[in-house]
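Annotated in TrEMBL:
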ACT_SITE  Lys21  active site, proton acceptor
MOD_RES   Lys21  N6-(pyridoxal phosphate)lysine
BINDING   Arg116, Met285  substrate binding site
DOMAIN    216-340  domain 'Alanine racemase C-terminal'
ACT_SITE  Tyr237  active site, proton acceptor
Amino acid sequence: MANWRALGAHAPQAECGAVVKADAYGCGLSAVAPALALAGCRTFFVAHLSEGIFARKLLPEAAIYVLNGLPPGAGAAFAEHALRPVLGDREELAEWAVLSDGRLPAALHVDTGMNRLGLSVPDALALAGDPVIGKAGIDLVMSHLVSAEIPADPLNARQAADFSRLRAAFPQARASLANSSGTCLADDTRHDLLRPGYSLFGGNPEPGRPNPMRPVVRLEATILQVRDVEAGATCGYNARWTAPSPRRLATLSLGYADGYPRAASGRGHALVGGVPCPILGLISMDLIILDVTDASDARRGGTATLIGDGLDIDTVGANAGTIGYEILTGLGSRYVRNYVE
Ligand SMILES: *Cc1c(COP(=O)(O)O)cnc(C)c1O
């Protein structure tokens, strides 16, 4: 919640919403949503109708927008659960306008560069005076930044300029452009409503710079066995690692079936007693082997930290050749999850 407040402080004149799609980025919507609501968050975004229905049970009062829009024929379900579709083309607009008749709110998604979802800028501008906008209850105009995490990318300024023209054409609606990284960009990206997701959960919105967010997720695994091996010994499937000298290995009770990426095989590390211990050989479905030669604390029944104590999700993502977003959203269902506040 400290992260939500810190992001909101970037733009005191704007409201800070929360993107909680994908089970709150793998952190667990049923724990995250009520905590954010208690902290004062009033506007939430999910990706799917099913996520919206689940979120509505947890958030009876909040405005909940569904980013992936209105699937054909789904209008009644949106209305029943008081969900707001983010409408991205004329068909969706027309379908919702019939159902809403100006009474049920929705957002308008304009594509300013992603070529993914939303009306084109000229299309949206052409619709600005059209009665369908009022009939569809458009109370929010939004777009999404392509490269917000790369502040020097000229696309940011171009999208911000297009979006400023759009918002002027829809004076009755609030405007929202900034995701986590967008919140940290120039003033002209923030508008009325911030839409951070990743940074709420501890991800760094400014890659390459010190992470201003508080870490949220901690991942620990139990050490099942510790063994000493001779130089020349190998470990794991296909014997991908060979001991260069006598080493001490520890086997962890966690593998790729838990969402720890197999792509981090031979590249990532974990901490044992604060000491970085390299991951050796191929990560198994349920097990990871560490080199704990330098970690005098390593013992059966002890723990290794895979995320936490300065080993952040951005680093874990980079070690697996991916981004922290994928690490978070991939966190498995087999863990024992403890929520602390
Ligand atoms: C996922 C998403 C966000 C949140 O992005 P973060 O980078 O996680 O802050 C905001 N807006 C849209 C449209 C999204 O799809």
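Note: Cβ is positioned from N, Cα and C throughout, glycine not excepted.
Here the C-alpha separation of Lys21 (active site, proton acceptor) and Arg116 (substrate binding site) works out to 17 Å.
Model confidence over the domain 'Alanine racemase C-terminal' (216-340) is summarised by a mean pLDDT of 96. Listed recorded positions: Lys21, Arg116. The one with the lowest count of other Cβ atoms within 10 Å of its Cβ is Arg116. When the alpha carbons of Arg116 (substrate binding site) and Tyr237 (active site, proton acceptor) are compared, the span between them is 40 angstrom. Under 8 Å, Cβ to Cβ, and six or more positions away along its own chain, Tyr237 (active site, proton acceptor) finds Gly281, Leu282, Ser284. Remark: secondary structure over the domain 'Alanine racemase C-terminal' (216-340) totals 23 helix, 42 strand, 60 coil, with classes taken from DSSP. Reduced to three states, the DSSP call for Lys21 (active site, proton acceptor) is helix.
In the three-state DSSP reading, Arg116 (substrate binding site) counts as coil. Residue environment of Met285 (substrate binding site) contains 10 other Cβ atoms, counted within 10 Å of its Cβ in all protein chains.
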